[in-house]
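J.: Let me begin by handing over the structure; questions about it come next.
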Amino acid sequence: MYPAHLLLLLAVCVSLLGASAIPPLPLNLAQFALVIKCADKGKRPRWHYMDYGCYCGPGGSGTPIDELDRCCKTHDECYAQAEKKGCYPKLTMYSYYCGGDGPYCNSKTECQRFVCDCDVRAADCFARYPYNNKNYNINTSKRCK
């Protein structure tokens, strides 16, 4: 085997090993991003919601810092209710329709409907309230008490 071929094979193996160390984004969260886009007509990038306030993004604690953050807290609570029903909200895929008035759920199973309703309500809530750049990537240990 030629040295160039070995180098190429090594590069492929290293990149595959690196990719396997990155956890995949749960499918529902990717779908939730599309529901948000439908509700707010694409006004804001989805990543704006990944680290906003005390509740938008992983985890959450303290008092929500504004109405948009309160939407995320309510969404977290809705997912907790879904889990109590035996659903897996971060993995549950559902069927929805993006109409002129925003997203609508049309899923068949109880878990799909419940999780879809959680996401649609949160997305509609996000679309109603302003985004405050000062509340993005905040120091949660100081501001979320």
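Quick reminder: no glycine exception, Cβ is built from N, Cα and C everywhere.
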J.: Just to be sure I read the record right: Tyr55, Gly57, Gly59 are listed as binding Ca(2+) in Swiss-Prot. Which of Asp40, Asp66, Asp76 is listed for the same site?
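T.: Of Asp40, Asp66, Asp76, Asp76 joins Tyr55, Gly57, Gly59 in the Ca(2+) site that Swiss-Prot records.
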J.: Say which of Cys56, Cys78, Cys87 is recorded by Swiss-Prot as the disulfide partner for Cys72.
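T.: Swiss-Prot says the disulfide from Cys72 goes to Cys56.
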J.: Would you count the other CB atoms within 10 A of the CB of Cys78 (disulfide bond), including those on all shown protein chains?
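T.: The Cβ of Cys78 (disulfide bond) has 18 Cβ neighbours within 10 Å.
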J.: Which residues, sitting 6 or more apart from His75 (active site) on the same chain, put a CB under 8 Å from its CB?
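T.: Same-chain residues close to His75 (active site) (Cβ under 8 Å, separated by 6 or more) are Tyr55, Cys118, Asp119, Arg121, Ala122, Cys125.
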J.: Any idea what the Cα distance is from Cys56 (disulfide bond) over to Cys38 (disulfide bond), rounded to a whole Å?
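T.: Just about 18 Å between their Cα atoms.
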J.: Counting across all protein chains present, how many other Cβ atoms fall within 10 Å of the Cβ of Cys144 (disulfide bond)?
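T.: For Cys144 (disulfide bond), the 10 Å Cβ neighbour count is 18.
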